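The following features are taken from TrEMBL:
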type	residues	note
DOMAIN	170-243	domain 'PAS'
DOMAIN	245-297	domain 'PAC'
DOMAIN	298-368	domain 'PAS'
DOMAIN	371-424	domain 'PAC'
DOMAIN	425-496	domain 'PAS'
DOMAIN	501-553	domain 'PAC'
DOMAIN	554-626	domain 'PAS'
DOMAIN	630-682	domain 'PAC'
Amino acid sequence: MGQSSHSTGEGARLRALAGYDILDTPREREFDDIAELAVEICGTPIAVVNFIGDGRQFFKAEVGLGVRETPLETSFCRQAILHSDFLYVPDAARDPRFACNPLVTGEPGLRFYAGALLKTEDGHPVGTVCVLDTKPRALSERQQAGLRRLARQSMALLEARRSARAQQIQKELQGRILDSATDYAIIAMDRSGRVTRWSAGAERVLGWREEEMLGDPAHVFFTPEDREAGCPEIEMELALKDGFAPDERLHLRKGGERFWAIGEMMPLRAADGSVQGFVKILRDRTRQRAEAAEREASELRFRSLVEVSPQVVWFGDAAGNITYCNPTWYAYTGLTPGDTGGDGWAGVIHPDHRERVLGIWKHAVATKGPYEVEIPFRRTSDGAYRWFLARGKPVRGEAGQVESWIGIAIDIHDRRQAEDDLLQAREQLRLAVEATGTGVFDYDLVSDELKWDARILSLYGLPPDAPVDLAVHLARVHPDDRARADEAVRAAVDPAGDGVYDVTYRTVAPEDGAERWVSAKGQTLFQDGRPVRLIGFARDVSGSRRAEQALRETEERYRLVSRATNDAIWDWTFATNHVLWNEALGTAHGYAPEAVEPTSNWWIAHIHPDDRARIDASIHAVIDGMGTVWADEYRFLRADGSYADILDRGYIIRDAAGQAVRIIGAMLDISERKRAEEHQRLLTGELQHRVKNTLTLVQAIASQTLRGASDLNEMREAFAARLISLGRAHDILTQASWTEAAIGEVVEGALSVHRQSDASRIRFGGPNVLLSAKAALSLALALHELATNAAKYGALSNEGGVVDLRWHVVHEGDAPRFRLTWSEQAGPPILSQPARRGFGSRLIERSFAAEIGGDVKLNYAPTGLVCRLEAPLASMQERRGEAAA
C-alpha cells in the first residue's frame, strides 16, 4: 500500500472503516447483488466487494473465488486504494507492478484486474468493487462507468447500513435509558391518550406490564375522582398549550393501592413540529412525602423540645451574635430578647468571671472552633449565682464556611457542689482512715512498685522504713493463706475480671511469729484494657474474726438444738417483721418451707379464730411493756386443716434503751396431753353414768328374774348368766375406754358360753360395724336372751339344731340402717305361738327397742324362731373420740 499501517493517514482510514462495522459480518443480499451485477456488466468470471483492513482484505461479497478473506501482501486492491478513483490492469503479466505477483505467476494465474474505489465522504478509501479474470481483457468506457456506479451504490448501501445501525443503536439506547430509569414511570401515548410505550419503570411503579397496557387508555392509573373530573384530558390540553403540564397528586397502582406521585406530561412532536402523541413521566413520591412530613414533624418536635427544655438553648449568627434563646434563659435571667443581643447576655455573669468568659467566647468565634466554659449566671428570682456549663459549636455549610452557631448551657451547680463535697469527703475519709487504724496500699503495675503506709507495715510486723514488694507481701502471709492471697491479686488485675480485690488472710510477724487476721480490699485501674494500678486499704480484723468464730460456734449449737427438738422454734425480728422457723414447723405441723410466709402476719393468721385476738393482745402486752418472758396456750392450724393445741413460750431481747427488738420462742405441741385430759374427764363422767345405768339395769334384771322364776335355783342361774353376759360386754367396752366396740367382739362375748362345746352350731358374720357403748350393752343382753331361749326350747336344745346370725348395713331412704337377723333351724318344731311373753322377750325389747330406738320382730315359724333387730345406723354408733353418753 506504500504507507505504514500505523501512519496517521492509514490510522484515519482504518478508523473510518471501523465506523461502518462491516468487517467479518455475514453475507448480505444487497452486496451479493452488486458482485453479480459486476460480473454481468464486465463479463468476468470473478467479482468482489471487498474492504481493506489492517493486513488483510475482507470480501463482503464475491463471485468466483469461494473465500471470504485473503492476506493483503499479494492483493491487487492494495494498489487500488492508492489510486484516487479507478485501477485498470488489462494484462497483469505485462504490468511491472504485478508481473511478479504470486497470484499472476502462480495459482490462480490472474491476468486481468479492474477496481473502482470505495471512498467515504471524507475521502478515506476503505475498499473496492473489482472484477478479475485469468485472461487478459479490455473494458469499455461504459463497463468502467458501470463498475464506478456499483462502487457508489456499495458506498450508499454502506452509509444506509451505518445509518440504520446507528438508529437501531439509538433506539436500543433510548429503550435502555427508559428502562434503566426504574424510579420513573415513563409512558408514551398517541393523540387519543392510548399507550404506545410503557417503560420498565412504569411496570415497577404502577404494576401493569407493557403488554397489558399497549393500546389501552392511560387514564387507568388516575384515581376515579380525577378521571371523573377529566384530569387526563386537561393535562393533555395543557401540554399542547404550554408545552408541558406538571401535576402532583394521588395515582393508582394495579392492585388499587393509592400512592403520591409527582409528574409531567409533554407533547411528542415530529421533525416537522406536528404532535404525534404525549409522554407522561411519573415518579413515586410517597416515601419522600412521608419523609418530608416526618421532617416537618421532627422539626416541630425539635422546636417544641427547645422551647420546653429545662436547659438553656441558644443560636447565634456567623459573627457570634446571639439570635435566639429559649424561654428557660429568659425565665432564669430575667432578660428580654433585646437585652441578650451583642454582649448583653454577659451582664448576668458574675463580675469576677465576666472578662474570662467573654475572652473564651470571642476566641472561639475568631478561630471558628468549639466553645466550652463554666459560667456563674445570676438568677433573677433571688439574685443567687449558679454554675452552668456552656457549650457551643459552629454550624458549617457545604464549603466548610461558618454559617451560624448553636449551643446549650447546662445547670451544673449541683455537680460543682457535689465535687466540693467530694473533696471534703476525701479529707474526712483520710482522717477516718487514720483514726480507725486502716492502712492504705498503692501497687503500680507498670513499674511493679508497691507502696505501704506505716499502718500496713505494722500489720506485717515490719518497721516503718522497710522496703516492700509483692514477694515481701507473700512471704509474710501465713503459708495456709498464701495461695489464696496470691490468687486474689491475680484475679484483681485480670482484664477479663471486674478489677475488685477483696481477700482476708493471716500475716505472721517475722520476729515473734504473732498472727493477725487482715482484711484487704481494693480496685484495679485499667487503661486501654491493661491494668496499671491497684489501690486499696487493709485493716486488722483479728478481733472480729474471733467474734465471728464464737458466733459460728453459737449458731452451730443453736442449729443442732433446733434440729434435735420437735418443738417449732421461731425467731421474730420486729424491725423487719421477719420470722425465721426451724425444720420442726414442717415435721410437726406439715408445712413445706415454700408455703410459710416469714412474717408474724402468717403466724397470727394460723391461730384459731377464737384464740387469735387473745394471743395477739397477750404477746404485744409483753413486747410493749418491759417484760422479757411471754407464754400462752392456743390452737394452731396444721397444714392438713386440723388444729394442734400449743403451749408457746418466748423470750424477748431488748436494746440498751429497753426497746424490744427481737423475740425467740418455741411452740410445744400439747395436743396429746389435752386429748388425754379431755378423755379422762369424759371417761370419769361416763363411768359415773355407766355405773348408774348398770345398777339400774341390774336392778331391772333382778326384778324381772325374781318375778318370772319358779324356784330359787332357777332364779339364781338365770340372774348369774345375765350378769355374766353383761360383764363380758363391759369388758369389751373397758378395752376401748368406753367409747366404742366392734360388733364381732360383742357377738363373740355374748355367745361364748353357748359356743364352747360346738362353735359350728352358732354361725355368725357381717361387716365390721363399730357400736357405741349403749348399743353394745343392749345387743349383748339381747343375744344372751336369744341364746338362752334357744338352749332351753329352740335349736340349741337338741343335737342337730343350728343358729345362723347375720347383720348388714342397709342403704335405703335418706339414712343407712343396721339390720341383724337371728335364725334357728333344725330345732324342735314350733307348733303354736307362745301363750305369754317371757322375761327374755321383754328384756330384748327393753334393751334394744327402748334404749336404741330400734324395731324388734319375733317370728315363731314352725322351722324355728326368727328374730330381726333393726335400727338407724346413727343410733348404733357415735362419733369417734367421744365417750358414750
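Here the Cβ of each residue, glycine as well, is placed from N, Cα and C on the backbone.
The structure displayed is predicted, hence computed values, not measured ones.
Confidence over the domain 'PAS' (170-243), given as mean pLDDT on the 0 to 100 scale, stands at 84. Each residue of the domain 'PAS' (170-243) gets a DSSP state, and the totals for helix, strand and coil are 43 helix, 14 strand, 17 coil. For the domain 'PAC' (501-553), residue counts in helix, strand and coil come to 12 helix, 32 strand, 9 coil, using DSSP. In the domain 'PAS' (425-496), the DSSP tally of helix, strand and coil residues is 39 helix, 11 strand, 22 coil. In terms of DSSP helix, strand and coil, the domain 'PAC' (630-682) has 12 helix, 30 strand, 11 coil.
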